[in-house]
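Novice: Okay, here's the structure, questions in a sec.
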Amino acid sequence: IRCFITPDITSKDCPNGHVCYTKTWCDGFCRIRGERVDLGCAATCPTVKTGVDIQCCSTDDCDPFPTRKRP
């Protein structure tokens, strides 16, 4: 499977059986810069924590950088 990986946001091969994920969350600069974004691959979908949104998928390049919502 190929997944986009941060910080370069380039598509790279991941080991067999892994899933792609997009993780977003707010930090102290969220109002100015928008949500923080982490793209990658993992053996299993990461555990969701309070204030963190995680989306997992299992097809090539299914985790593009999310578009930002405009105010």
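Positions of Cβ are set from backbone N, Cα and C atoms, glycine also.
Taken from Swiss-Prot, the feature disulfide bond covers Cys3-Cys20, Cys14-Cys41, Cys26-Cys30, Cys45-Cys56, Cys57-Cys62, and the record attributes it to similarity to another entry.
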Novice: Closest of the disulfide-bonded residues to Cys57 (disulfide bond), Cα to Cα, picking from Cys3, Cys20, Cys26, Cys30, Cys45?
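Specialist: Going through Cys3, Cys20, Cys26, Cys30, Cys45 one by one, the closest to Cys57 (disulfide bond) is Cys20.
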Novice: For the disulfide-bonded residues listed here, Cys3, Cys14, Cys26, Cys45, Cys56, which shows the highest count of neighbouring CB atoms within 10 A?
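Specialist: Compared across Cys3, Cys14, Cys26, Cys45, Cys56, the most Cβ atoms within 10 Å surround Cys3.
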Novice: Please report the Cα separation of Cys14 (disulfide bond) and Cys56 (disulfide bond) in Å, rounded to an integer.
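Specialist: One finds 14 Å between the Cα atoms of these residues.
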